[in-house]
Every structure is written in C-alpha cells, then in structure tokens.
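Presented below is the structure to which this report refers.
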Amino acid sequence: MSSGKSSLVDGEINDNENVSDLEKNKMMSAGDSEEVRLENNIQLNRNGDDTTKTIKLYKRRWFIVLLFGSYSLCNSFQWIQYGIINNIFMRFYGVESFTIDWMSMIYMLTYIPFIFPVTWLLDKKGLRIIALVATAMNCAGTWIKVTSVRPDLFAVTMLGQFCCSLAQVFILGMPSKIASVWFGSEEVSTACSIGVFGNQLGIAIGFLVPPILVPNVEDMDQLAYHISIMFYITAGVATLLFLLVVIVFQERPELPPTQAQATARCIPPEQYSYTASILRLLRNKPFLLLILTYGLNVGCFYAVGTLLNRMIIEHYPGEELNAGRIGLTIVIAGMVGSLICGIWLDRTKTYKQTTLAVYLMSFVGMLVYAFTLSLGHLWVVFLTAGALGFFMTGYLPLGFEFGVELTYPECEGTSSGLLNCSAQVFGIIFTICQGKIIDNYGTLAGNIFLCVFLFIGSLTLCKKLFMHLPYYTSDFNGNNSQACADI
C-alpha cells in the first residue's frame, strides 16, 4: 500500500498512487523562505474533487524551534537545581532530604492532572497561546523564588517551584507539534530532537551550575547570598525569554510545510473531538505498550537524576561539584544520542528496530553503572554514567517520534502528553521507592531496583510490541505506508 501523499525534496516531486495529475509550476525566491521556494500546485483526487495545495518551508522555522528549546531549557534547569545540591538546601531550609526530593518530584506530580486540559488547549488554541502561558508561568515562578531566600520561607520557594512545574506541562508536549506544523517531512525527527535537546540541555546546566553558584559554605548569610544570585540569574533569563515569545513567536507558517498539514488545515474544527481522540489512543494496543515501556525508561532517568547527589555523596563525600559534573555527563551524552537518533530516523524510518536497540542498551548501561558506582574511582563513574545517558536520555525523542508514528493521524500533542504522563507517574514511584531502598539497603540495591524495571520494559518491547505491530515505513507527516491491520 502506498502512502497517499507526495513528498517534495530539493525541488523533486515523488509520485504516489493517489496523485492523479501533477505539474511542477515554478521555483522562485522569497524573502523569508528557503533559498529556493518550494511551491508546487498539486492536483489531488479526493472524493472526486480536485484541490490545489501550496506548500512552503520558511527559514523562521529554525528560530521558532530554537526559541522553544531556549525556554524549555530555562524551565528544565529548575527541575534539578534543588536536587543536585540536596544536602545544601536541607541545611539552609532545615528540612529532610525527602522534602528536597519533592522539589523535583513536584514537576512530575503537577504534570499528571494538568496534562489533559493543557493538551486540549493545545489542540484548540494552538502553539502561540500555549507558549505564552508556559513562559509567563515560568517567569512568575522564578521571581517568587527570588523572594524566598530565607530559612523560614521554604513554603514560598515551594510555591515558586510549583509555578515552574505547571509551566512544564505547557512545554513537554510541544516538540512534536512544532515539528509537524513548521517542518518538512524529511526534517520532523531532527526538529523534534532539537526541541527535546533544549529540555536536556537545561537539565545538563541544572546539574552543572548550582554546585558552582552555591558552594557548601558554613555561614548562612553567605549561603543565602549565593542562592539569591542563582535565583536572580534564572529570573532574568526567564523574563527575557517571555518577552521574546510575546514579540516573535508565531502560531504557524502562512503556508503549510507538507501536504499532510495542508490537508489538516482543511478539516473543520468541529469535526475534531478531543475525547474521541483520547479514546482511540487508549484502544491502540501497540501505543499502550509504548506508553508502558516509555514510562519505565524515562521514569528511571527521573529517579537517577533526582537522587544523583545522594548516590554520589554516599560513596564520594564532599564531591558535590563532581556530582553535578556526572549529571552533566549523563545529559550531554543523551543529547548526542538524541540528535543521532533523530537524524537516523529521518533517513531510515526504522522506528521498531531503533527503539528496541536503544532500550536494550539503556538496560545494559544501567546495569554497568549500578555495579561500578562504588568502586571508588570517579573516572569510572563518569564513563559509565555517560554510556547510560547516551541511551537512556537519547530514548526521549525516539519515544515521541515512534508514538506519533503509531497514532497517526491523531494530534501529536495528545500522544506526546500521554507518553509524558506515564513517565511522570513512574518517575514519582521510582524516585520514592529507590530513595527508600537507598536509605535502608544502599545505592547498589536501589540501582538494581531500576534495572529490574528496565529489563521488564525490554522484554515487553521484544515479546509484545514487535510481535503485534507489522513492519512498515512511514513518510511521517503523511500516511503510514501500512496500517496496523492486525491490532
């Protein structure tokens, strides 16, 4: 079965069986378009009617995805800024370690109840409104934290973190939506990887910068000064990004980038039901299995990131700075993995094979990390953490893209939202359970706990998803070249 869509690449038009007549009319320069404007009139026979659809790629699409990546970075930085110097904030605010863990877990907890109304808003109101709300709430949260730098104001800093966590709900589901609305069919996986790249870079900076800006000093006034410097820098960046979104962030290009987007614009809004879309997704068995396995993998990453300071300090006392550097290594390696996966998928469309390979290597990486953490050699920890990060965090955009493939033509934001919701649920469960296991039995037992669930996820992918899902390649922003007929 052919895909039913035409692909335009470098001025060439590849025909499929539903195209009845096709002429390449012109290529002309345009101010904010690509060097060559991709404009073709395509006559499609749909229900007996001939329609003309014009597509175009704009240069500004790269600015849009980079701006999104920047405010995603600012938000994700704050997810881990407390956890990576857990012992310092414990002493400053006079609270327990588990309480500081909740400064990270609040990001996960907030996501679960709010993702469905936010996804509905994304479908109904579009990208610009969601971007404005996200950056406004993130900005508000950073300034609330600025006012909380006193040992008796932990509740205020928690309120600021809650605002930032709510902003995250408006951010995590956007990469695949931006990619499909703004980018051509040969670019969407790369664009989605860039969007996720911003989130990962923010986490990387969140691991690296707080231990540098907030050293473990004894004097409480000096400690408060260092914390306020970190909060003021974050607030300044968040304010600048909010203003940029207000001024330049655009809802969608004037002309669609692909024929699939052109067709989607012709669908009247009243014909789309968000509730019906959710129900269809929940009846999609391969997608449900992906929700499970994605949640297990990313939930393990959230637990490792949240508890990294505790694990490193237990074996290497006084190494707060190196704990941050190890976290940085995990995420930087994952960013490389994300980009490689995005480019690989754009070229090969081998979603099933790539998903399974990366998942299995995440399990192996976690196993090696668990047994080398206590050897007493930090350079070994850096190596094993980097290998773990390459596959575990490299899996993030791969899961998004595979989810969109499995659920086409459902809205990308809806499928991404369900995947993220699963990740947050497992993230909370794994963080709490691993934290308790570390307290009672040590870091090795806690890490083996995560290995067990990664192994379960790998088996699920091997035995279920790929047995029930027929092989196909997809043009991504068009129709899948084979439907999942046996579902």
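The backbone N, Cα and C atoms fix where each Cβ goes, and this holds for glycine too.
Database features (TrEMBL):
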- 62-82: transmembrane segment (TRANSMEM)
- 102-122: transmembrane segment (TRANSMEM)
- 129-147: transmembrane segment (TRANSMEM)
- 188-209: transmembrane segment (TRANSMEM)
- 229-249: transmembrane segment (TRANSMEM)
- 287-305: transmembrane segment (TRANSMEM)
- 325-344: transmembrane segment (TRANSMEM)
- 356-372: transmembrane segment (TRANSMEM)
- 378-398: transmembrane segment (TRANSMEM)
- 418-438: transmembrane segment (TRANSMEM)
- 444-462: transmembrane segment (TRANSMEM)
Checklist entry - For the transmembrane segment (418-438), which partner among 62-82, 287-305, 378-398 gives the most CB pairs under 8 Å? => result 287-305
Checklist entry - Counting Cβ pairs under 8 Å to the transmembrane segment (378-398), which of 102-122, 188-209, 325-344 comes out on top? => result 325-344
Next on the checklist: Does the transmembrane segment (102-122) come close to the transmembrane segment (188-209), meaning at least 3 CB pairs under 8 Å for residues 6 or more apart?
Outcome noted: no
Item to check | Residues from the same chain, set at least six apart from the ends of the transmembrane segment (325-344), whose C-beta lies under 8 A from its own | outcome: 80, 84, 189-190, 192-194, 196-197, 200-201, 203-208, 304-305, 308, 312, 350, 354, 358, 378, 381-382, 385-398, 401
